[in-house]
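Below: one structure, written as structure tokens.
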Amino acid sequence: MLGFLKKPVVVTAEINLSLVALTVVGLMSRLWGLSYPRAVVFDEVYYGQFVSLYMKRIFFVDDSGPPLGHMLLALGGYLGGFDGNFLWNRIGAEYSTNVPVCSLRFLPALAGALCIPLAYQILVELQFSHCAALGAALLILLENSLITQSRFMLLESILIFFILLAVLSYLKFYNLQRHSSFSGRWWFWLLLTGVACSCAVGVKYMGLFTYMLLLVIAGLHFWHMLGDQNLSNVSLVCHFLARGLTLLIIPVATYLSFFYVHLTLLYRSGPHDQIMTSAFQASLEGGLARITQGQPLEVAYGSQITLRNVLGKPMQCWLHSHTNTYPIRYENGRGSSHQQQVTCYPFKDVNNWWIVKDPGMQQLVVSNPPRPVRHGHIVQLVHGITTRYLNTHDVAAPLSPHSQEVSCYIDYNISMPAQNLWRVEIVNRESDTDVWKTILSEVRFVHVNTSAVLKLSGASLPEWGYRQLEVVGEKLSKGYHQSMVWNVEEHRYGKSQEQKEREVELHSPTRMDISKNLSFMAKFTELQWKILTLKNEDTEHKYSSSALDWITMDTNIAYWLHPTSGAQIHLLGNVCTWASANVAAVVYTCLSLWYLIRRRRKIYDIPEDAWQLWVSAGQICVGGWVVNYLPFFLMEKTLFLYHYLPALTFQILLIPIVLQHLSDHLCRSLLSKSMFSALTVAWFSSVCFAYRTFSPVTYGEPLSVAELKDLRWKDSWNILIRKQGH
């Protein structure tokens, strides 16, 4: 039993010293002098605000993408002891002593450094030589743009890290399945593929492009497996289920977990929660939750309510009325009812309160027990302060003549009878007997006489309407639209029948006892929809560019400029590497077309295993470049050079692949191989020269005016030159 103790326990390990050396050098290139400059650099002004909000647990919405990247940046701040107190108001602002600059920039820099050994291993797993893998790693190491982007509190290096990790994991899994399917290592790499894909998407939606590419490649590989007669039907089903679980279900679950952590951390009300629904706002600590806690859940006859439009565009607003009436005639000569104005007002106000009245009874208080209003019930809405009834009729709305005017009825005795009956339709009901609920129910008000639906048009009224938003009766309502949907935000049970007592009641705050919380899935769905649909107005930026400018690097971005010396940092790539990457892509495409045409004619220029290697490399590298680059031609957003970096990374991996292929299969003689090797060495020397030439604006070294002018290799580059430079 104890025989194993008679022999020593021996652990053997293979250490790839090249890989270790690449990792160490990569860490040095990205981490050296990380706290310099101690000032806000370019988009740090943007991401830093979110880090501060994380530190203070304040909710925010960022329409640029999911929360994982922001959380990783915030993790760096947390580990460095950042308290969130810094005003991220301008690029170049000096960091105060409480900001742990090195800690905030550490994780992006670490991710950028780890991309170097990942590039090496990807080419090894693609079955290329150690020399080619080493070349790929060195090209990533010496790429100035990747160094610059990874040394600051930005997300691209983290995105590229997860993309490369996903590719490497899938390749390791694929190479294992030939001889050890369903082994522990097989499951590990397959699972890591799905998690890494989810993390890439969780950092930026651009990660979705590589995720879809890997899904397509996995689908093609499985399609080839179907033709393998050695695999049983049960084995094929198991393979299919394993891929479905790890590449679809687990990534979705992982993606949801990012939002779960995000929403758990950000539980306090802040400046961004106003764009969310009332229910979402009420789930946050402070803000609306302070107002709505303890409100009655069920709306009853006699309830005093405020009605918020669900659309929230062009701004959040509440159904509102005041004593002023519509003009007798508008500027264009059209007439109005001259009745009391009804608008949508973007601020909390006592004139936002309405009373839900039973048309068959005169009382404006809640009975005991309360009689709840249900889906399909007919109600009247009485304006709390003026006690006039919400009304619509066949009079053209002020700014939307195709729709009906909405007013509060004034009896002028001029043959314009009251039309103030509204049917309550609960849009998100579970059954036709659902009760109208505070915050949770989304309702439409359908006018009984004309079937018009109460709707926010979104247009701003002229001065006579105090620039408030127009509310209309939409006569031709085609289906559901959020502008027609309202929800009760503030709610109390009315107790005072006398008008003066009721006015005092309307001015008093609502009760506060308990809070209502949304489920995680409800909050996730709403937040995800806001991220996808909320778009800031894109304005032309000084350093914005088109996707066509990226290939030839006709553009650059000035990230930071020292206020006195000539030191500055630019997002500029290694000119030789970018040009070589473009040449490699063209050579690969032309050679592939040539091989395909020749193979169609039954002429095989290279062995079959070399052809399969060539195709596999193209699927990953060319496919990765295509899916990460071409979609930007379809995007209507402000684009910057750093958007090209994921595509560029795949293109750089292609360079040593093409070089090895040319050496192995096109250089037939010893002389041609020697000449090709010499040219490769000369070319790599030029890459090193370009890296060293532009490293001053990569790391922010002081430069004289003459040195800065020498760096302007292209007239389109915006190298900043000041007279003070020395």
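A Cβ is built for glycine as well, from the same backbone N, Cα and C atoms used for every other residue.
The domain 'MIR' annotation in TrEMBL covers 296-359, 370-427, 431-491. Annotation comment: TrEMBL describes 9-32, 106-124, 131-147, 153-174, 186-203, 209-226, 247-267, 578-597, 609-627, 639-662, 674-694 as transmembrane segment.
Sequence-distant contacts of the transmembrane segment (131-147), counting only residues of its own chain at least 6 positions beyond either end whose CB sits under 8 Å from a CB of the stretch, comprise 18, 22, 25-26, 29-30, 112, 115-117, 119-124, 157, 160, 571-574, 577, 641-642, 645, 648-649, 652-653, 655-657, 659-660, 684, 687-688, 690-691, 694-695, 698-699. Contact between the transmembrane segment (106-124) and the transmembrane segment (247-267) is not supported, since fewer than 3 Cβ pairs fall under 8 Å when only residues 6 or more apart in sequence are counted. Confidence over the domain 'MIR' (431-491), given as mean pLDDT on the 0 to 100 scale, stands at 87. Long-range neighbours of the transmembrane segment (674-694) within the same chain, counting only residues 6 or more positions beyond its ends whose Cβ lies under 8 Å from a Cβ of the stretch, are 135, 138-139, 142-144, 572, 574-577, 580, 659, 662-663, 667, 711.
In summary, the transmembrane segment (578-597) does not lie against the transmembrane segment (209-226): fewer than three C-beta pairs, each 6 or more positions apart in sequence, are under 8 Å.
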